[in-house]
Ligand SMILES: Nc1nc2c(ncn2[C@@H]2O[C@H](COP(=O)(O)OP(=O)(O)OP(=O)(O)O)[C@@H](O)[C@H]2O)c(=O)[nH]1
């Protein structure tokens, strides 16, 4: 599909940047426009693949943001975006909407800009365009504490109510204890970009391609059209005789070899099973999905109709739905065979339940602290009037 991509806030912008990097390295043609919106000037300098003129600073005149971010305050994030909506609209005007099938807004839900400004941006897009608007939302880790969980629980409701589909990425599930936070994020963003671009970029070629069974943008959009929360599974295996991948693309590839000697059909079946049973972007009970879609991407010689059909049947049983679409994404010269599986409208998602509980606890704690503070201030004023130390 042809996509307009918008990153809101720090993490959202980094994800968009990685998507553009991965699509360039793999000669795909997905993001027709990449725009990033932020309240922090320093974060706007981070992307390597988003043109300078497509980086928008909002809230630089706002009393609390002043170009330094909103410090995790979701209310300020939303307010700033509402105040600067004309500027945001002008940036949308530069998108050639006839060139895109859908818009993807990427944001993290734990900070203040992504969680607050993200829903404002989405509402505006929905007002301006008829095309579907999808979101990619990063969920905060449990170790980050109550405030990010509260932001996420609040903003998740606004995201899900207003997008055509919400693809979730759970930082907790992808955190590695052996890495620094920075290394961890870089790896997670690569993994996420690989999944998003392999899925959404399927069937998009610069040159016309004649192949049977090619995945179509309308199939992907139909699977996403549930209005719910989605999760993506992925697995990849190197193609025999492919040149050793050097440099940047090698870092994106976390391929695992499958047993040699297996037939192409068995190889595909095994790969699709591995995609569903390995780490999903959002851990969930796959049988709770409403619809599913399989994309098989790799050199045409590796694609097998029989393999794809038997994998489709396996997912039909696994997910317990007849709504499973499957298609190929032939890529001449690709050095790996990859399977990506989209599980749409999943409802059994333990991490989202846990975030909601963490948010309720955090809200109770904040309410309790506020009540204690008010009581203390009252005591000070009534009992110790005149005894408060001045600041200077
Ligand atoms: N997956 C991933 N998560 C990130 C990354 N950077 C930050 N996060 C997560 O995002 C949340 C913080 O959100 P940010 O995007 O940094 O903040 P923001 O939306 O710009 O908002 P403010 O900083 O409050 O203005 C935390 O939950 C982090 O764990 C990243 O590169 N990748």
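Just so you know, glycine gets a Cβ as well, placed from its N, Cα and C.
Whatever TrEMBL says is automated annotation, not expert-curated.
TrEMBL annotations:
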DOMAIN    2-201  domain 'Tubulin/FtsZ GTPase'
BINDING   112, 113, 114, 144, 171, 189  GTP binding site
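TrEMBL feature annotations superimposed on the structure.
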| residue | record | Cβ neighbours (10 Å) |
| --- | --- | --- |
| 112 | GTP binding site | 26 |
| 113 | GTP binding site | 34 |
| 114 | GTP binding site | 34 |
| 144 | GTP binding site | 17 |
| 171 | GTP binding site | 21 |
| 189 | GTP binding site | 22 |
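According to DSSP, residue 112 (GTP binding site) sits in a coil region rather than a helix or strand. Spread of the GTP binding residues is 19 Å (greatest Cα-Cα distance among 112, 113, 114, 144, 171, 189).
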